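Enquirer: I am attaching a structure below and will ask some questions about it afterwards.
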Amino acid sequence: MKFLDQAKVYVRSGDGGAGCVSFRREKFIEFGGPDGGDGGRGGDVWIECVDGLNTLIDYRYQQHFKAKKGDHGKGANRTGARGSDVVLRVPAGTQILDETEETVLADLTEVGQRIKLLEGGNGGFGNAQFKTSTNQAPRRANPGLEGQERWIWLRLKLIADAGLVGLPNAGKSTFLAATTAAKPKIADYPFTTLHPGLGVVRVDGREFVLADIPGLIEGAHEGVGIGDRFLGHVERCRALLHLVDGTSEHAGKAYKTVRAELAAYGNGLDEKPEIVALSKVDALSPELLKQQKERLKRAAKKTPLLLSAQSGQGVQEALRLLLSVVEEERGAEKAEEPRDAWRP
């Protein structure tokens, strides 16, 4: 399935139906009086978070969504039918922003969340509403109110417990494929991964979601390479596994490059709990392994894990450590959630 994480969409709620000018006509009733019904209300625009979606690809092919108009009122005091709503279905993690992309209108993080984005126009009054003691046969009715319209941006930030970050070809996709059922494209050239990928990791009977983020290079926050567009998906991660290619020229410099890009992006990415690992260690000689490990240790100011997704060395240790950090963060988030005060 193709991946799309942002889309610009036009939405419009339905116009209200017009009121009706009508008079009661029955045999033997000479002055039946007004009986024009009100117009129906226009349909609303809703956005709903549903299960089974992980991309906004549907909104590449359809960008305009309009709710139905309300029906006009009818005689015999019959109100027009309400216009049907239009519902935009999005995956969990979708933000709704205004046209300028500066104001977040809603953030849908849980399946089942549903918000009313635009309200349909009210129906107009029929002539029965205008009957007074001095005007027993009004010949006026109101038109329905117009619906609302606006352009919005849908922006998806994948919800994952942990994220894989690193330079291109650091072994992130290989690690994801080795630890989950995901099947990312793997090749020996930079930027093999062009879109984020998700997989479910199972460790000791417990699970967490792992995201593979496309590689960063120096200047990504300024648009170099594929830029930092996909770093938004890291914002929701509770922890990061930073993979540094052991076969790179200098492991310490590679680590610092990615850390600089995380700091330049902002939004607290450089403050997230981080586990540092030297990858592809099966391809290193003992002397080079020791040298790269020391370089990375000095740069990260912590002892890195040594792992190889191909041979399986250090993989389970990394996953268990990642799981412990994720569960610790989950517990901290639950502790911070406000609890309703008890009331008798």
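Note: Cβ is positioned from N, Cα and C throughout, glycine not excepted.
Under the heading domain 'Obg', Swiss-Prot lists 1-159, citing sequence analysis as support. For 160-327, the entry in Swiss-Prot reads domain 'OBG-type G'. The feature GTP binding site is assigned by Swiss-Prot to 166-173, 191-195, 212-215, 279-282, 308-310. Summarising the annotation, Swiss-Prot assigns Mg(2+) binding site to SER173, THR193 and lists sequence analysis as the type of evidence.
Could you give the neighbours, burial and distances for every feature on this list?
Expert: Under the three-state DSSP scheme, PRO214 (GTP binding site) falls in the coil class. The 10 Å shell around the Cβ of PRO214 (GTP binding site) contains 24 further Cβ atoms across the protein chains shown.
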Enquirer: Using all protein chains in view, find how many other C-beta atoms are within 10 Å of the C-beta of SER308 (GTP binding site).
Expert: 22
Enquirer: Pick out which of the binding-site residues LYS172, LYS280 has the most other Cβ atoms within 10 Å of its own Cβ.
Expert: LYS172
Enquirer: Taking only the Cα atoms, work out how far SER308 (GTP binding site) lies from SER173 (Mg(2+) binding site), in Å, as a whole number.
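Expert: Taking the Cα atoms only, SER308 (GTP binding site) lies 12 Å from SER173 (Mg(2+) binding site).
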Enquirer: Which residues, sitting 6 or more apart from GLY166 (GTP binding site) on the same chain, put a CB under 8 Å from its CB?
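Expert: Listed in sequence order, they are LYS172, GLY215, LEU216, HIS242, LEU243, VAL244, ASP245, ALA254, VAL258, SER279.
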Enquirer: Between the Cα atoms of PRO214 (GTP binding site) and SER173 (Mg(2+) binding site), find the distance and write it as a whole number of Å.
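Expert: Cα to Cα, PRO214 (GTP binding site) and SER173 (Mg(2+) binding site) are separated by 9 Å.
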